[in-house]
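Visitor: According to Swiss-Prot, the feature disulfide bond maps to Cys26-Cys115, Cys28-Cys44, Cys43-Cys95, Cys49-Cys121, Cys50-Cys88, Cys57-Cys81, Cys75-Cys86. Residues or ranges marked as region 'Important for membrane-damaging activities in eukaryotes and bacteria' in Swiss-Prot (evidence: similarity to another entry): 105-117.
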Amino acid sequence: SLFELGKMILQETGKNPAKSYGAYGCNCGVLGRGKPKDATDRCCYVHKCCYKKLTGCNPKKDRYSYSWKDKTIVCGENNPCLKELCECDKAVAICLRENLGTYNKKYRYHLKPFCKKADDC
C-alpha cells in the first residue's frame with residue numbers, strides 16, 4: 001500500500017516521501033505518466049511499469065509485510081502478488097536513494113500537462 005511505500009522511501013532516502021516525491025517530475029506520485037525528466041523521475045517511471053505487471057492485488061491499497069534488517073528492506077510475504085508488490089516498492093526506494101545526488105528541487109512540483117508522452121513499459 002501507499003503506507004509501506006512511503007515508509008520504505010523514508011527509510012532509504014531520509015526524505016519526507018509526500019513532500020519530496022509526491023508530485024516530482026512526470027512520474028512520481030499518484031497522477032501522471034510521461035517521459036522522465038531525470039534519474040529520480042525515471043525511478044518512478046520504472047516503478048509504475050512494475051505495478052502494471054502485477055495481477056491479483058491493488059498496489060495502492062493492499063498491505064504487505066517487510067522488515068528493515070541492517071539497513072536493508074526484506075520482503076516477507078507468502079502471497080506471490082504481495083511479494084512482487086513489495087519488491088516493486090523496494091526497488092523504487094533503493095533507486096531514489098541511489099539518485100539523491102541528482103535530485104532537482106525544480107521538479108518537486110512539476111506540472112504534469114507539460115510532460116511529453118512516455119514510451120510504453
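Keep in mind that glycine also has a Cβ here, set from the backbone N, Cα and C atoms.
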Visitor: Using DSSP, tally how many residues of the region 'Important for membrane-damaging activities in eukaryotes and bacteria' (105-117) sit in helix, strand and coil.
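Guide: Taking each residue of the region 'Important for membrane-damaging activities in eukaryotes and bacteria' (105-117) in turn, the totals are 6 helix, 0 strand, 7 coil.
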Visitor: Test of understanding: give the count of other CB atoms lying within 10 angstroms of the CB of Cys88 (disulfide bond).
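Guide: Excluding its own Cβ, Cys88 (disulfide bond) sees 22 Cβ atoms within 10 Å.
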Visitor: At a C-beta cut-off of under 8 Å, are there same-chain residues at least 6 beyond the region 'Important for membrane-damaging activities in eukaryotes and bacteria' (105-117) that contact it? List them, or none.
Guide: 19-20, 23-26, 31-35, 37-38, 40-41
Visitor: Out of Cys28, Cys57, Cys115, Cys121, which of these disulfide-bonded residues shows the lowest number of other CB atoms within 10 Å of its CB?
Guide: Cys121
Visitor: Do you see any of the disulfide-bonded residues Cys26, Cys44, Cys81 whose C-alpha is within 10 Å of Cys95 (disulfide bond), and which ones?
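Guide: Qualifying among Cys26, Cys44, Cys81: Cys44.
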Visitor: For Cys26 (disulfide bond), which of the disulfide-bonded residues Cys43, Cys44, Cys57, Cys86, Cys121 has the nearest Cα in space?
Guide: Cys44
Visitor: Using the alpha carbons only, what distance in Å do you get between Cys121 (disulfide bond) and Cys75 (disulfide bond) once rounded?
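Guide: Their Cα atoms are separated by 24 Å.
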Visitor: Any idea which of the disulfide-bonded residues Cys26, Cys86 has the thinnest Cβ neighbourhood at 10 Å?
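Guide: Across Cys26, Cys86, these disulfide-bonded residues, the one with fewest Cβ atoms within 10 Å is Cys86.
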Visitor: Nearest to Cys44 (disulfide bond) by Cα distance: which of the disulfide-bonded residues Cys50, Cys86, Cys115 is it?
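Guide: It is Cys50, whose Cα lies nearest.
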Visitor: Counting Cβ atoms within 10 Å of each candidate's own Cβ, which of the disulfide-bonded residues Cys44, Cys81 comes out highest?
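Guide: Compared across Cys44, Cys81, the most Cβ atoms within 10 Å surround Cys44.
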Visitor: Would you mind reading off the Cα separation of Cys86 (disulfide bond) from Cys28 (disulfide bond), to the nearest angstrom?
Guide: 17
